[in-house]
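Input: a single structure, listed below in structure tokens.
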Amino acid sequence: MPARGAPLSRTSRLLLLLLFKVSVSAALSFVPEPRNGTCLGESCSPLIQRRSRDARGPGNSAKDALRVHVPREKLEAEVRGATSWDLPPPRGGDTGVIEEAAAAGPLGPPTKPPSAWRWKSAQGKEPSGHLRRRDPTDPQLFFPTSEGGEMSSKRDGIPQSRQEHSVKTEPRDLFYWPRRTGQLQDSQHRPSAVHEGRTLAPPGRALPQNGSADDWVPDQGGPRRGNTTRRVRLKNPFYPLTQESYGAYAVMCLSVVIFGTGIIGNLAVMCIVCHNYYMRSISNSLLANLAFWDFLIIFFCLPLVIFHELTKKWLLEDFSCKIVPYIEVASLGVTTFTLCALCIDRFRAATNVQMYYEMIENCSSTTAKLAVIWVGALLLALPEVVLRQLSKEDLGFSGQAPAERCVIKISPDLPDTIYVLALTYDGARLWWYFGCYFCLPTLFTITCSLVTARKIRKAEKASTRGNKRQIHLESQMNCTVVALTILYGFCIIPENICNIVTAYMATGVSQQTMDLLNIISQFLLFFKSCVTPVLLFCLCRPFSRAFMECCCCCCEECIQKSSTVTSDDNDNEYTTELELSPFSTIRREMSTFASVGTHC
């Protein structure tokens, strides 16, 4: 028979067991969730996912490294087609990205990233044309790389090398939040809603590690593209002292000598012919016309060419690239036709000396001959304007302006007729240049001078004593024309050699050799324009006497020392010489004129 307290003890024991089970179940049900972010999919709340990403840094979780990738083409198509932050996530991607985008709103990503940001290029390739590299206000895309990423990868149990390998092999599956440039990374300002969507970050740019987006620096791993905020500066050719700087000093000194001598000499020739009544013949007018073009070459083209040679930049850019070759080729045409006209004029004088010097040509005849020379030279040089194009080449130095070259290249934007004519001229330019500007003046002048010299020798044998001095001056003038032709041919040979090398041996010749040939041909052209008046003063006594008279009239000492009797004798002697000069059109009956011409 059970005791009286047995039911009570059994009931109390059952209550204790029930209470123990309830307490154990309650204790097990209130265990907190782990904070290492191991929950997957929608089982994790947005708050836990956000907190986990803030602790590890975005893009460094184990799920990102183990993500199943979709094809790149489809992924890029989704990126380009997206117009807002609400984009469908990639297959197997993290759903927390979309919730984070919704929390951030349409104005941009959450501010204050946990680490520094830098550019990341996607396999060294440029993105498609939706991003413009040159506009600093375009959206720029970043992703974090810092020490926090290494620690988060260790906490997730994924080695850093494996994580970097996954990023390097498949970089196009990483999508980053766009940010506008010009804002500090720790700033609370949010980007404008104009730039929306996700885009791959373009290569070739990098931000400094201080987080400033204002001072751009070129990426170490790729070529420089687009404009930078660094001011490009011209190359200083004179400092520091190197072999190139010594060459720059030599070029500058030589150009100063050519410039000064050419300007003074050609101005003197034009002044003598224009201010001296007895020197206004057809031959002297042709020489004054030649002096004008030589003056134009030295005054306008020489400074531009020297500036380009020293700084590798054209001063007036595309205009100077087109106008300098045009003026140079037109000057060659003027020299060619002038030498041919001088040879014809000398042949007429040698055929009948007495009739030639009794014949006076009026101003309209001289103007017509000069107009034919000008129009022919300008029209033949016109295709040079169409062929020349300005090209820029990077020197490979940081902060240096790109080198500019004036190359022969036909623009495809020309009309069809002009384009066909330019192609035809380009194909025949080598032999046209060689035949018209080298063979024509040299061969024609040498042939005509030989015939003229033969006529002069025959006239000298049959002449009287009074005509021998005139024939001697004709022979002197003939030698002057031959000397001018030899000088012209010597200075034009390097230009033809440069054209032949460019046409047939351009692949086997370095760019430095081509530049050297080009600058030599340019300097020889300037040298020809400089030496022509000097040669004229040395070989032609009337020009030298007129030049000395022009110089002495500016000196008071010469005027004070000259007496009336001496000046009358000198004027009579000078007038007699001018009558016999081949440069003069004075009649023999006009020997009573005492004055030589107007003063300077």
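In case you wondered, yes, glycine gets a Cβ from its N, Cα and C as well.
Features reported for this protein in Swiss-Prot:
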type: COMPBIAS; residues: 152-173; note: compositional bias 'Basic and acidic residues'
type: COMPBIAS; residues: 187-198; note: compositional bias 'Basic and acidic residues'
type: REGION; residues: 103-228; note: region 'Disordered'
type: SIGNAL; residues: 1-26; note: signal peptide
type: TOPO_DOM; residues: 27-252; note: topological domain 'Extracellular'
type: TOPO_DOM; residues: 274-286; note: topological domain 'Cytoplasmic'
type: TOPO_DOM; residues: 308-322; note: topological domain 'Extracellular'
type: TOPO_DOM; residues: 344-366; note: topological domain 'Cytoplasmic'
type: TOPO_DOM; residues: 388-430; note: topological domain 'Extracellular'
type: TOPO_DOM; residues: 452-480; note: topological domain 'Cytoplasmic'
type: TOPO_DOM; residues: 502-518; note: topological domain 'Extracellular'
type: TOPO_DOM; residues: 540-600; note: topological domain 'Cytoplasmic'
type: TRANSMEM; residues: 253-273; note: transmembrane segment
type: TRANSMEM; residues: 287-307; note: transmembrane segment
type: TRANSMEM; residues: 323-343; note: transmembrane segment
type: TRANSMEM; residues: 367-387; note: transmembrane segment
type: TRANSMEM; residues: 431-451; note: transmembrane segment
type: TRANSMEM; residues: 481-501; note: transmembrane segment
type: TRANSMEM; residues: 519-539; note: transmembrane segment
* For the topological domain 'Cytoplasmic' (452-480), the number of residues DSSP places in helix, strand and coil -> 27 helix, 0 strand, 2 coil
* Distant-in-sequence neighbours of the transmembrane segment (323-343), which means Cβ under 8 A and at least six residues beyond its ends -> 283, 286-287, 289-290, 293-294, 296-297, 300-301, 304-305, 316, 369, 372-374, 376-378, 380-382, 384-385, 388, 406, 436-437, 440-441, 444-445, 448-449, 452, 481, 484-485, 488, 492, 525, 528-529
* Look over the recorded stretches 253-273, 481-501, 519-539 and say which has the most C-beta pairs under 8 A to the transmembrane segment (287-307). => 253-273
* Structure fact -> Sequence-distant contacts of the topological domain 'Extracellular' (502-518), meaning Cβ under 8 Å and at least 6 residues beyond its ends, amount to 408, 430, 494
* Where DSSP helix means H, G or I and strand means E or B, what are the helix, strand and coil counts for the topological domain 'Extracellular' (388-430)? -> 15 helix, 13 strand, 15 coil
